[in-house]
């Protein structure tokens with residue numbers, strides 16, 4: 001009996017050893033980083049609220065480059081990087097002897113018939129002979145609060161890094177880069193590997209998700225305002241430090257560098273993984289569906305294209321039932337100790353002081369001063385007239401006797417003549 005029993009136990013032990021060891025779900029201590037300084041000096045301009053441009057303005061005359069982005073494991077980092085040929089654009093500006101340029105970087109998440117604004121940043125009076133983003137003036141970065149908790153811009157502020165993204169992050173992203181009014185679009189198709197990361201800032205399970213989704217009509221009517229639907233966040237240097245700090249505290253390893261995203265080719269769906277997002281052909285087919293975009297979203301038919309019409313889709317509207325994901329708390333909950341809170345850095349600067357108007361003089365005092373001035377002028381005029389009339393009738397004034405030099409000790413005067 002012992003022989004078969006030992007054989008069975010040995011087989012079970014061998015199977016147990018061959019199984020992968022589950023990753024420990026614990027946090028580790030990491031020295032909190034110091035608040036970083038900006039790479040260069042600039043002036044932060046607080047802009048009043050304004051509309052976010054539509055991401056659906058592309059067409060045949062405006063081609064869109066498409067890239068594919070994924071990560072090796074669920075708890076890894078994901079990079080959305082594509083060279084938009086900014087260096088060539090800036091070199092052309094130098095050849096034109098342009099002293100400066102203006103730029104805007106915007107990120108969207110494209111859904112069925114709508115787009116979610118994720119990130120907005122403006123640059124003014126930029127130096128074309130330096131790297132992109134070296135400018136005299138910049139606005140604060142404006143973020144979707146959910147995405148800001150686990151994502152940050154790359155060092156050149158043109159790419160996007162996500163740390164342990166949740167399953168709901170999959171889909172199509174669009175970057176719009178404006179330089180002196182000319183826009184260049186780049187799409188990123190994000191697909192995640194099988195499995196879920198235990199420390200992801202995920203949506204459905206914990207009730208956090210992206211903000212509202214707006215159809216093309218709302219963008220065209222300038223209803224999507226950046227200060228209404230986006231939140232001001234830390235500068236890029238501090239944003240990177242806080243997300244990396246949170247990622248490393250949960251056992252993550254930040255890569256020393258990130259490779260550029262590959263050209264988009266629909267990958268096969270891995271076992272347990274989500275299928276890749278549709279390509280341009282399916283999107284164009286979707287655009288040709290019924291004009292009633294809202295009905296297309298709610299019915300069993302295929303999703304409409306980005307030009308579909310309808311009301312703005314909030315997370316509650318997308319879910320359609322109570323208990324669906326809702327926007328999460330402030331994304332600075334994981335900031336290192338000693339760092340300024342978002343409330344401390346996101347308040348608008350005080351309005352410029354205007355010189356105060358002088359205190360108004362009471363009416364009675366003003367009347368008294370005016371009366372006194374009139375009396376003084378009248379008295380002076382009366383005195384001058386009195387002297388003039390007296391002298392007019394009296395003739396010329398008598399001459400004073402002319403003194404003559406003394407002769408000896410005798411003084412005398414010249415006779416009047």
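Placed from the backbone N, Cα and C atoms, the Cβ positions cover glycine too.
Now, the feature entries from Swiss-Prot:
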type     : residues : note
SIGNAL   : 1-18     : signal peptide
TOPO_DOM : 19-360   : topological domain 'Virion surface'
CARBOHYD : 41       : N-linked glycosylation site
DISULFID : 75-197   : disulfide bond
CARBOHYD : 102      : N-linked glycosylation site
DISULFID : 114-213  : disulfide bond
DISULFID : 126-135  : disulfide bond
REGION   : 259-356  : region 'Disordered'
COMPBIAS : 279-292  : compositional bias 'Acidic residues'
TRANSMEM : 361-389  : transmembrane segment
TOPO_DOM : 390-417  : topological domain 'Intravirion'
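Residue with the densest Cβ environment among the glycosylation sites 41, 102: 102, by other Cβ atoms within 10 Å. Among the recorded positions 75, 102, 126, 135, the ones whose Cα sits within 10 Å of the Cα of residue 41 (N-linked glycosylation site) are 135.
It is 28 Å from the Cα atom of residue 114 (disulfide bond) to that of residue 102 (N-linked glycosylation site). Counting every protein chain shown, the number of other Cβ atoms lying within 10 Å of the Cβ of residue 75 (disulfide bond) is 22.
Cα separation, residue 135 (disulfide bond) to residue 102 (N-linked glycosylation site), rounded: 8 Å. Cβ neighbour counts within 10 Å, taken over all protein chains shown, single out 114 as the most crowded of the disulfide-bonded residues 114, 126, 197, 213. The two recorded residues residue 102 (N-linked glycosylation site) and residue 75 (disulfide bond) have their Cα atoms spaced 37 Å from each other. Separation of the C-alpha atoms of residue 126 (disulfide bond) and residue 197 (disulfide bond): 40 Å, rounded to the nearest whole number. Within 10 Å of the C-beta atom of residue 135 (disulfide bond) sit 20 other C-beta atoms, taking all shown protein chains into account.
Rounded to the nearest whole angstrom, the C-alpha distance between residue 75 (disulfide bond) and residue 213 (disulfide bond) is 27. Note: the CA-CA distance between residue 213 (disulfide bond) and residue 197 (disulfide bond) rounds to 26 Å.
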